[in-house]
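Asks: Let me give you the structure first, and then I'll get to my questions.
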Ligand SMILES: Nc1nc2c(ncn2[C@@H]2O[C@H](COP(=O)(O)OP(=O)(O)OP(=O)(O)O)[C@@H](O)[C@H]2O)c(=O)[nH]1
Ligand SMILES: Nc1ncnc2c1ncn2[C@@H]1O[C@H](COP(=O)(O)OP(=O)(O)O)[C@@H](O)[C@H]1O
Ligand SMILES: [Mg+2]
């Protein structure tokens with residue numbers, strides 16, 4: 001059972017472990033461990049595959065950029081792990097743990113970050129994280145259409161914040177002790 005001492009309301013963000021990492025279980029485990037070590041609560045976790053249409057839709061803001069085609073192909077090249085993560089500063093903390101977008105810069109300027117340590121190239125940079133609260137709402141709905149943000153913030157946030165919660169190795173998620181299947 002995990003006890004956290006949160007002093008402020010929890011914020012949600014959408015995180016991905018990209019196909020380059022899932023192709024190597026050791027890398028996937030290293031990133032997943034980093035999420036747990038930094039006291040994120042894993043509210044949802046699932047493995048999924050994208051088709052190129054999903055990729056194009058999600059990254060439409062980058063269409064026309066020189067790397068767009070390789071990004072679309074890469075992101076639909078294999079399984080990914082998608083998470084809804086909760087923390088007091090979920091968006092900003094996950095962004096800082098990931099490091100700069102471009103791996104070559106991350107290696108030089110941000111060793112110890114996920115992308116600096118584990119990224120392969122600027123496109124194959126191991127992880128994604130929402131870049132704002134607004135992006136997090138949009139991206140959570142994209143990956144978890146059944147998840148109700150309003151319901152979670154109104155009814156569940158206080159329960160996850162005050163706990164107790166436990167980490168379920170099978171689902172790779174944190175659950176409320178009170179809701180543990182009898
Ligand atoms: N501005 C600009 N940068 C480019 C272009 N092509 C590649 N780069 C950058 O040059 C670096 C290496 O690019 P590439 O060698 O094409 O990428 P890669 O190493 O094959 O890896 P991927 O990005 O996964 O394809 C990366 O930082 C890219 O962002 C381009 O046409 N314009
Ligand atoms: N200069 C680049 N060269 C190659 N791939 C890039 C480049 N810039 C961005 N990408 C790819 O597009 C994804 C989305 O870009 P962006 O939203 O700017 O970064 P971030 O993922 O850090 O929010 C990046 O994670 C990376 O996979
Ligand atoms: Mg982005």
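Backbone N, Cα and C atoms are what each Cβ position is placed from, and that goes for glycine too.
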Asks: Looking at TrEMBL, which one out of 7, 101 binds ATP in the same site as 18, 67, 95, 115, 125?
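Replies: Between 7, 101, TrEMBL records just one in the ATP site with 18, 67, 95, 115, 125, namely 101.
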Asks: Need one number: mean pLDDT over the domain 'Nucleoside diphosphate kinase-like' (10-151).
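Replies: Mean model confidence (pLDDT) across the domain 'Nucleoside diphosphate kinase-like' (10-151) is 97.
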Asks: Who sits close to residue 18 (ATP binding site): which same-chain residues at least 6 apart have their Cβ under 8 Å from its Cβ?
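Replies: Non-local contacts for residue 18 (ATP binding site): 74, 75, 80, 124, 125, 126, 127, 128.
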Asks: May I ask you to report the DSSP-based helix, strand or coil state of residue 67 (ATP binding site)?
Replies: coil
Asks: Taking the Cβ of residue 95 (ATP binding site) as reference, which residues of that chain separated by at least 6 in sequence fall under 8 Å from it?
Replies: 129, 131
Asks: Suppose we draw a 10 Å sphere around the Cβ of residue 125 (ATP binding site). How many other Cβ atoms does it contain, all chains included?
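Replies: For residue 125 (ATP binding site), the 10 Å Cβ neighbour count is 25.
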